[in-house]
């Protein structure tokens, strides 16, 4: 029916006429009235519907451009009260009149920001818009700019109806610069449908400015060197070319365009400068021969660090010095670097690699957003829920790790302020939040140092799984300190000399060594050096070692290394089901309110998933993966039954969806394959697991596994006397009694089970284990290539093999 709800009328306003024609329409649908609004910039006029909604109870009018208070609850005191800007009122298809609102967000709903960042009664614009029901309108509100708000006195009479707007934000935590809301609202009235686009432009412009500042810190210096080099080289050939640096310093109004041009023009500038440099070399070969000791060549050239470099010729011309290729960025003074190099290699040449440009930001063109008319609101909500439940999602806080956060923060804050070295060992099973907590601590320490609350420091992260070899850690650390790339052997000597030298200006260095058990070598010299350097009084080195087991220092490391590691050990225990529930709930609270009404994960479903995971491992990643998979299953059901669902009601993710997701993880193809293996293959895997736990090493030789199988089998089976015609499992696997007829009462047992080579080959081909390719069979190293939890969970359900674990 084309009728408005009871208590509501509407009026069509004609802007061209200076009068308002009001009609009480409850029957026949009127013709649409559209007016042309001339834009201030002289562009073509924009056509929009001028519909004014009237609430007959209090004769309150609502039109495009009004800021309103809206709720889906009982009234203004309801916690679901929100604020929005009406950007579109039109005749619709599903509803007689449809209203589109762009949303504000309260400053109190944003966590993780300083208390003095927001003003009282401040709202923030968001780029989110949705359709609402006008019967939920409460009242209009006053939204003022910063200058207007300063002239208003806020008291109890207007504290719920007068607000300040000077910033915009999005769901990624980005904020815009302070703007004048009065000017912004005037632009919105010209074309209200593009309000969300204008808000996105405000935020993106601010983000690009921040990236431009970081980009310009290094890029402008490099370009300045290139410009001076080009100008000086061309003087040799008497060429006068003006080099413009305007592209390096873009105006505020042209930030987006000039960034792209700046990046794209780098290669052409470099090529032009190289050609000018080659011409200068031909004309000034005599000068180059005099300056051979101070010029730095390209990537394959050699730089001589010797004591002779201190005796430089002061009369060398500036032209030839500038003609050299700009050297990579160094974090230390050039003289200090030369002193260290001269001590390590006083008469040798060392090759320095060219500094890479991986750290430079990449400017990508933004993707075009799909119009809201072609997207399903619930599909968008499902997408955001899955995004928030992803393990890589950045969080404002880490629930359940407050105590561990405080312990790590206190240790490192005291070490940085006192400028002393120390080692901290952090252990816990995978998925316990070790790395995330440490990164959160470093981020908070960085914020405190920027505000002057603690000393400045530098930070480096090393992951043992990402290093090609353990000695690469030396190269990465020296490159972080000096900017030079040298070999591992030279880097170790340079680092030893660097940390021994006393330098009062040196900042403390914090190193996170994640998966540090992967850098263990036979001599363990890499671990020894990294734990020995913090003991120097002049090092100012703080090492955070992260591994998975508590007793790893005693089991793997020698006494001299374990003693240097110290007694500062922080253990991350498994999450309880309450903590897992808090983690999932915290992520769901980050979803925008509009999408939060479309898709809901019930509290029973969250509790069921939390208890299931907490009873097994307490792994937060596993709990999030199960919930994310449950949302995917619920989304599939929604798309299949989309026609029969009521879009006004939220779609619920139930316990049944969680149970289906858990069954998929338990009954994975890998688990089914391991469960279907014969007993002999399971015995090989069980012996490999048992040997790995005994030695603490992931790789073990086949000879050790054969001995482990034989010993564990002898301990698990009984030794009662049996008749000559009876067979037991040991006879089947180890003796020839099964395949040959013998009269011996006690059969001779083989050293290995039958078809052992074929069993190992089949496991390798299936991808269950990895075997080293070496001539000696018993000395070949074997390693499990699948998650250990998968194998253990399957074997625990098998009564025949569980006793061998």
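Using N, Cα and C of the backbone, Cβ positions are placed for all residues, glycine too.
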* Structure fact -> Per Swiss-Prot: ATP is bound by 428, 429, 430, 431, 432, 433, 434, 435, 436, 548, 621, and from 475, 515, 589, 664 the site also lists 515
* Structure fact -> Quick note, residue 515 (Mg(2+) binding site) and residue 434 (ATP binding site): C-alpha atoms separated, nearest Å, by 11
* **Shell list (ATP; ref centroid = CB of 428, 429, 430, 431, 432, 433, 434, 435, 436, 515, 548, 621; cutoff 8 A)** => 572
* Rounded to a whole number, what is the top Cα to Cα distance in Å among the residues the record ties to ATP, namely 428, 429, 430, 431, 432, 433, 434, 435, 436, 515, 548, 621? -> 17
* To do: For residue 432 (ATP binding site) and residue 514 (Mg(2+) binding site), determine the Cα separation and express it in whole Å.
  => 14
* What does DSSP give as the helix, strand and coil breakdown of the domain 'BAH' (60-180)? -> 11 helix, 54 strand, 56 coil
* Taking DSSP three-state, what's residue 432 (ATP binding site) in: helix, strand or coil? -> coil
* Structure fact -> Rounding to whole Å, the Cα atoms of residue 430 (ATP binding site) and residue 514 (Mg(2+) binding site) are apart by 12
* Asked: What is the separation, in Å, between the Cα atoms of residue 514 (Mg(2+) binding site) and residue 548 (ATP binding site)?
  -> 10
* Asked: Tell me, how many other CB atoms lie within 10 A of the CB of residue 432 (ATP binding site), whichever protein chain they belong to?
  -> 25
